[in-house]
């Protein structure tokens, strides 16, 4: 398999062309020699310079947040340094942002809900015609759900319990607080997202909806890790997840 083959495979899985009109991220192959062989693939949330350095020695890096966020970015300053590093180390960079958020299998929100043991999930959180979140049924209490998350991530930004019983949960990974009012329409008992938001606290209190702001980084690891695990099983590739938790 070469860079072109793997890029085409990912383009097909995530149907990236569908998102050109709504996603600021430049989805797909951002940097790479399309004819280079791929044996080792790394996965990471962000294409920070520290991530690129740790990915050195791999042939292909898949990130949720790439280095190009428009089709007109200039390759200067730190962008020049990152691009130069990728080229000099023959490391291809592939980014998949909203196409992963909205994916039926690899959505961070969907995989997160599976991790929590939630059932009967359906998509919500409409953004530009695609759904970025999940609503699912719960048989667990608020305390049980919070404890399960804390076992994986000690740096939960904020949580607030208004009631212990949780029958329905809404999850939107990353910065999903703007979908809180849509979640209210589904009578959820718990709303989970990454980033904190002062503006939804009063609404949550008034409607008795529990809140967990579990961290932007943490909530956007789930789909990547599932994709990595599937690649390890389905493809003859060596895989690695690069953890650079910002605790935010």
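Glycine residues also receive a Cβ, built from the backbone N, Cα and C atoms like all the rest.
Swiss-Prot has this to say about the protein:
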- 64, 101, 220: divalent metal cation 1 binding site (BINDING)
- 65, 216, 220: divalent metal cation 2 binding site (BINDING)
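Same-chain neighbours of the divalent metal cation 1 site beyond 64, 101, 220, judged by a C-beta within 8 angstroms of the site's C-beta center, are, in sequence order, 45, 65, 97, 100, 108, 173, 174, 219, 223, 224. Of the chain residues outside the divalent metal cation 2 site list 65, 216, 220, 45, 46, 64, 173, 174, 194, 217, 219 have their Cβ within 8 Å of the site's Cβ mean position. Calculated from their C-alpha atoms, the gap between residue 65 (divalent metal cation 2 binding site) and residue 101 (divalent metal cation 1 binding site) amounts to 11 Å.
When the binding-site residues 64, 216 are scored by other C-beta atoms within 10 Å, 64 scores highest. In this structure the C-alpha atoms belonging to residue 64 (divalent metal cation 1 binding site) and residue 216 (divalent metal cation 2 binding site) are separated by 12 Å. Secondary structure from DSSP puts residue 65 (divalent metal cation 2 binding site) in a beta strand.
Note: the CA-CA distance between residue 216 (divalent metal cation 2 binding site) and residue 101 (divalent metal cation 1 binding site) rounds to 13 Å.
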